[in-house]
Amino acid sequence: MKILVINAGSSSLKYQLYDMSNESVLAKGRVERIGMDSSILVHQPKNGEEVSQVSEILEHTTAIRKVLKILTHKEHGVIESTQEIEAVGHRVVHGGESFKGSVVVDQEVKTKIRRLFALAPLHNPAAMLGIEAAEKNMPGVPQVVVFDTAFHQTMSEKAYLYPIPKVLYKKHHVRRYGAHGTSHEYVSRIAADFLKRPVEELKMITCHIGNGASLAAIQNGISVDTSMGLTPLEGLMMGTRSGDIDPAIVPYVMNKEELTINEVDSMLNKHSGLLAISGISSDMREITEGMIAGYPNATLAFEMYEYRLRKYIGSYAAAMNGVDVIVFTAGVGENSIILRERVLTNLTYLGVELDKEANSVISGEPRRISAPNSKVEVLVVPTNEELVIARDTHRLVQNLIRNV
Ligand code: ADP
């Protein structure tokens, strides 16, 4: 079965075409600047050269039409006909309390996703554009939605409620939902397989650290806590996001600086984190280079980032009364040798012993970076959110076929 995985943003759309017979990626690419002048489609076939095409793409329906066209292109294509695509899987950021797992799209599912627009105003409407565009271009082809929040729906009330008036939860669904659920679930399963131990017997802390960053505490295979909240702003310090701050800063700064709600929201989401402290970049590579070059603000940004991450790991070990496995994943987690080293050499009280040599290896495979005598296993596991979407889509569509 061939499955198209789509991750739609408001002005962009990423895609991967999977052959599920061997879970290989036949082609991947992205459309950028949808709705702007000179939109660009970048397409990478499995065994071919990357191609880019600049044209006017005013909306998502056209974007998907162009993607289908290039997937079937004589020279750059990887399939003969779009009929070969038997299902489409979509990434949706917010599933609220309505979705505890992936589902096949129908009218009711679309209505529920629309009701959640208010909780993810930037992301969910964009995902809906992607779903409707795929439906228009591929009528009758089953569509599946996979939610970033679903894995964390197992959190208990004590973990997901905020200590604020409960009416806000009842009326406006204000609670913690988390994000990166597909990644946390995926790397926890790969880690358990790697260790040849049942995930149900392990206390794990998974650290998904990329541009956005979150931690999950996973006990008996389910998420018991995670660092992102109502929105992906809570928790760790990130590239451009503040993470946890005193909420009283918001009214105080709004008052002092005469900021609007949108301005303060933009300050915390787009102009904070590594970028704000370093003054140079939100990218961990540039922060690390700045630190090595002796730039004090880059050093401070790195130290704050590491300190806040380490405190979260400690708090999740406390939440679970121990930790058996720590997993690092995503851009920073998979690649920053120095960040992992700084974090792990300060977790000796938990029984973490780092294998410095193993930590320095660069590889795209799951690997152990803790020493043989370490009480806590520490692994680096490359994440693959698209594969999770493809697998869930495959499973649900096969059930659909069986039940017809
Ligand atoms: P996203 O959250 O957008 O999916 P990624 O998981 O791709 O992000 O992570 C992107 C981040 O990974 C970049 O901001 C960069 O700082 C970081 N990164 C990538 N390679 C390295 C590296 N070699 N060393 C340190 N950081 C890296």
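Note that Cβ sites are derived from N, Cα and C of the backbone, with glycine treated the same way.
Because TrEMBL annotations are produced automatically, they should be read as predictions rather than curated entries.
Remember, it's a predicted structure, so these values are computed and weren't measured experimentally.
What TrEMBL annotates here:
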type     : residues                                                                                                      : note
BINDING  : ASN7, GLU385                                                                                                  : Mg(2+) binding site
BINDING  : LYS14, HIS208, ILE209, GLY210, ASN211, GLY212, ASP283, MET284, ARG285, GLY331, VAL332, GLY333, GLU334, ASN335 : ATP binding site
BINDING  : ARG91                                                                                                         : substrate binding site
ACT_SITE : ASP148                                                                                                        : active site, proton donor/acceptor
SITE     : HIS180                                                                                                        : site 'Transition state stabilizer'
SITE     : ARG241                                                                                                        : site 'Transition state stabilizer'
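Feature annotations (TrEMBL) mapped to structure.
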{"residue": "ASN7", "record": "Mg(2+) binding site", "Cβ contacts under 8 Å, 6 or more apart": "LEU13, LYS14, TYR15, HIS90, ARG91, GLY130, GLU386"}
{"residue": "ASP148", "record": "active site, proton donor/acceptor", "Cβ contacts under 8 Å, 6 or more apart": "ARG91, VAL92, VAL93, HIS94, GLY95, GLY178, ALA179, HIS180, GLY181, THR182"}
{"residue": "ILE209", "record": "ATP binding site", "Cβ contacts under 8 Å, 6 or more apart": "LEU236, LEU309, PHE328, THR329, ALA330, GLY331, VAL332, GLY333, SER336, LEU339"}
{"residue": "ASN211", "record": "ATP binding site", "Cβ contacts under 8 Å, 6 or more apart": "MET238, GLY239, THR240, SER282, GLY331"}
{"residue": "ARG241", "record": "site 'Transition state stabilizer'", "Cβ contacts under 8 Å, 6 or more apart": "GLY212, PRO232, LEU233, LEU268, ASN269, LYS270, SER272, GLY273"}
{"residue": "ASP283", "record": "ATP binding site", "Cβ contacts under 8 Å, 6 or more apart": "GLY239, LEU274"}
{"residue": "ARG285", "record": "ATP binding site", "Cβ contacts under 8 Å, 6 or more apart": "none"}
{"residue": "GLU385", "record": "Mg(2+) binding site", "Cβ contacts under 8 Å, 6 or more apart": "ARG91, THR182, SER183, TYR186"}
Cβ neighbour count within 10 Å, max among the recorded positions LYS14, ARG91, HIS180, goes to HIS180
Candidates ASN7, ASN211, ASP283, ARG285 (binding-site residues) with CB under 6 Å from ligand 1, in sequence order, are ASN211, ASP283, ARG285
ARG285 (ATP binding site) falls, by three-state DSSP, under helix
Close in space but at least six residues away in sequence, with Cβ under 8 Å from that of GLU334 (ATP binding site), the same-chain residues are PHE328, VAL380, PRO382, THR383
CB neighbours within 10 A of VAL332 (ATP binding site), counting all protein chains shown, number 26
Largest C-alpha distance in Å for the ATP site residues LYS14, HIS208, ILE209, GLY210, ASN211, GLY212, ASP283, MET284, ARG285, GLY331, VAL332, GLY333, GLU334, ASN335, as a whole number, is 24
ARG241 (site 'Transition state stabilizer') -> DSSP, reduced to three states, gives coil
